Every structure is written in structure tokens, then in C-alpha cells.
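Novice: Have a look at the structure that comes next, please.
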Amino acid sequence: MKLYNTLTKKKEEFKPINPERVTMYVCGPTVYNYIHVGNARPLVVFDVLRRYFEYKGYEVDYLVNFTDIDDKMINRANEEGTTVKEIADRFIKEYYKDAEGLLLKEEGTKHPKATEHITDIINFIKSLVDKGYAYNVDGNVYFDITKLKDYGKLSKKNVEDLVSGARIEVNKEKKNPGDFALWKKEKPGEPSWDSPWGKGRPGWHIECSVMARKYLGDTIDIHAGGTDLQFPHHENEIAQSESLTGKPFAKFWMHNAMVNVSDEKMSKSKMNFFTVREISKEYDLEVLRFFLLSAHYRSPINFSKELVEQSKKGLDRLYNAKNNLEHLLEHTEEKNVEEKNDVLEKLNEFKAKFEESMEDDLNTADAIAVLFELIKYTNSNFSAETSKDLVQKAYNLLVELSSILGILSKKEEILDEEIIELIEKRNEARKNKDYELADKIRDELKEKGIIIQDTPEGTKWRRV
Ligand SMILES: Nc1ncnc2c1ncn2[C@@H]1O[C@H](COP(=O)(O)OP(=O)(O)OP(=O)(O)O)[C@@H](O)[C@H]1O
Ligand SMILES: [Zn+2]
């Protein structure tokens, strides 16, 4: 599989360090609000990469951290007159609801929080100070970027600029304007922890270095996040980790492009954002997932309701085709038809093409196009005359490939009106002593997850 590596600016063949396991670290949300559509992009994209690795037979150690202490968290807590912990607990709970709607795989996903790793963070910083990479000025600990030969290698920043302070805010405490905080001295009203440098709290970048190392090891296979994090966040993570271990931090750095609104990054600070929760009021979040996968992850997306509406139509077409195949499965028989091999060959071609797209730097846009080719093929070539085993194979293929994208897993929704209509039909059948039909309807409803019960007051129903 080829993946674009931001570190080398090239597509490279991906091979995990351990031939059986892939380790992935994704920079997750700061939990001071609901996640917005932009935040959902890395979550969905890298969830698909994880699923694809699992499809290929790898075990995946997958981690998405929660940043639960930083300026934004503190500001929000102050605005609401509550604690940072209360804000974090609330929005982590909301995160899980959105994650479920977006069909993110939570089984086996690790979500460590910064505040639960303060001791590890302090030990990490202590080692950096001991090794001479970091210095303490009156309770603030900074990383000295001149101590690392290749600082700036990820974002290709000019280190001279960072050292001289061009375009950087000037802080008299720092040796170089580009130095960054590992530990911040306590300010009144802020949460703080004891440390060898006095009371304070960790800087933002250090938590990711610490948690990546703790859960995934000194060198991880893939570190991911949005392009907005390349500098300074990821650059600083590299500096911290590589100074400590002397080993490469991540083999691959992957960055998704931004979700924009009128060509500007969707962002909380710009007030141009749509929360995932808002979208869920109008659409099933599977539509948003499908929308985010419809473009290649390195292409910017301009968010609009029209495009989401288009995605809904596309997803509906896939669901319809899947339902048609399910229906055909009930109405076809195994036959010895001549064209069997042709059909099987065609199905194999679709599968190969799908994999080829995914192997080409996770091209989900092309992979989705293959799904549409597949359903176009089955819609126009399959009928009640088709041999059942072919229908089954096409159906299995559609389900298998869709599950890599994490879509099309829902059962057909049955509406209350449909249920009532079927129950009336069954009552009619019973009145006519057509018990065969009545039982058939009862079974049909059961298959759809509806249990009915005949009581003296009439027929009642409930969902299983
Ligand atoms: N508009 C966007 N498009 C794509 N990814 C984004 C966008 N905004 C943030 N991200 C990604 O979301 C993840 C969570 O980031 P983070 O919590 O820092 O965002 P945030 O600070 O809430 O966003 P904002 O920039 O809106 O304040 C990161 O991987 C980040 O790169
Ligand atoms: Zn991070």
C-alpha cells in the first residue's frame, strides 16, 4: 500500500514495523465544545484507514486522544462558572454520541486524556531537562529548539526565522522566540498540579508525545491529524519525542486537508462552523460520513448543505441496490447458467479495483466510484433469472467493501405506518381464516424486528 508521507513529501510503500500490527495515533479533539464537521474529517478518514488495515489482516493499535486541559478548556469553564473537569466530562460524553452516529469504530480504540497522565508528563519533561533539551525559567519549562539539529523537518520551516523571532510573539523568558512551553506555571484560578518546577499544568504538545510513547512505543507507524497541526503541534511532538528517545517518532505522518466554508477553514474561532450534532438533526450521520469520504483526504472540501444533500442521494442509491439484492436473494434459485464465470470475473475485477484505489494513498473517492459501478452492474444485469449463488456473491462483496468504508451497515428502517398497515392486513387474513397468510405476516414483521401480540384488546406490537 502506498501512503503519502508528509515527512518526505512523497507517496511511499507502507510496511508496519511489526509485520502483524499497525500502530496509529490520531490527534483528537479538545473537548470544550461539540465537534464540528472539520473535526469529524480526521476521525472518519483515519477510521477508514484502520478498517482497511484490519481488512488486510493486521491488528491495529488505534488511539485518538482527548485534550482535556488547555486555554480553551479553561476559558470555557470560566465563562460557564464551572470546572474544567465538568466541561471535559460533558463534551467527552457528547463526543461518544457523535462517534456512534458517525459509525466510528470504538471497539478497541484508546482515548487517553491528558489530565490522567500528569505523572508521565512530568517524568518526560524531567528527562528532557536532564538531557539539556529543556530549561526552567521561574516555573515555566521551555523546549530549546536550537538543541535539535533537524527541528523544522516536518513543516519545512526555516529555523533561522524561528530563532530570530520573525513573525513570532516575543517572550522575554525564552532563549529563542521559537521555543515552546512544556510546563506552564500556575495562574490564579487555573487548575494545577505539583511538579519539580512548582505548581502548573502541561503545555499542549507534550501530552501527545507522552501518550503515544506510553501506549504505542517509541516509534509508531502512523501519526495523523489535520494539516493545521503540522506546525507547530506535530513539529514540536517530533522535537520532544526524538530528543528523549533518540529514535524516529513516527514512520509516517499523514495529514487530512481542511473542511472549508467559502474557502476558509471551518473553525470555532471563525464562527463559521457546523457542529456534527446540528447536522444530525437533519441527516443521519452516516450521510456526513459518506460525504467526508467522497473526496480524497488530501483535497480540501468546501462544505455546503447542497453537497451533503447530494451525498444523501448517493447513499440512498447504494442502500436501494443493497435492498434489491436482498430481495433477489429471496426470489432466485441456484442455477447452472453459462455466464457464471463472466459474472464472477466481473465481481473480482470490482474487488481488485476497489483495493487498488485504497492502496493508492487511501483514495476513498475512487473506491466509492467502484461501489457505484458494482451496483450499476447488478442493477442492470441481475434479475429473478440470475443464479442465487451469484446474487449472494455480489451482495457479500457489496457488504464487505462497504464495511471497509464503514457504511451500509444499517437494516432497512421500518416505519410505524408500515407496521400498522401490515397488522391490519394480518387481522383481515385472520378474519378470513387465512392463517397461512397471517403467520407469514407475523414472520415478516419478526424479521424486521417487530414482535406482535394478540390480546383481548386487540393486536399490540413492539420493537425487539
Ligand atoms: N476545518 C477542519 N478541517 C479538517 N480538520 C480539522 C478542521 N479543524 C480542525 N480539524 C482537525 O480536528 C482535530 C481536532 O482538533 P482541535 O481540537 O485542535 O480542533 P479545534 O481547536 O476544536 O478546532 P478549531 O480550529 O475549530 O478551533 C485535529 O486533527 C484538527 O487537525
Ligand atoms: Zn497531538
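In case you wondered, yes, glycine gets a Cβ from its N, Cα and C as well.
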Novice: Tell me which of 29-39, 293-303, 315-325 corresponds to the motif ''HIGH' region' entry in TrEMBL.
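Specialist: Checked against TrEMBL: motif ''HIGH' region' maps to 29-39.
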Novice: Ranges 265-269, 355-359, 440-444: which does TrEMBL label motif ''KMSKS' region'?
Specialist: 265-269
Novice: How does the domain 'Cysteinyl-tRNA synthetase class Ia DALR' (353-415) divide up by DSSP, counting helix, then strand, then coil residues?
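Specialist: Breakdown, helix to coil: 43 helix, 1 strand, 19 coil.
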Novice: List the residues of the same chain that sit at least 6 positions away from Cys27 (Zn(2+) binding site) in sequence and have their Cβ under 8 Å from its Cβ, in sequence order, or write 'none'.
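Specialist: In sequence order, Pro42, Val64, Asn65, Cys208, Ala224, Gly225, Gly226, Leu229, His233, His234 meet the Cβ cut-off.
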Novice: Suppose we draw a 10 Å sphere around the Cβ of Lys268 (ATP binding site). How many other Cβ atoms does it contain, all chains included?
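Specialist: Step by step: centre on the Cβ of Lys268 (ATP binding site), count other Cβ atoms within 10 Å, giving 17.
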Novice: Under 6 Å from ligand 1 by Cβ, which binding-site residues from Cys208, His233, Glu237?
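Specialist: Not one meets the Cβ criterion.
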Novice: Within 10 Å of each Cβ, count the other Cβ atoms, then let me know which of the binding-site residues Cys208, His233, Glu237 comes out lowest.
Specialist: His233
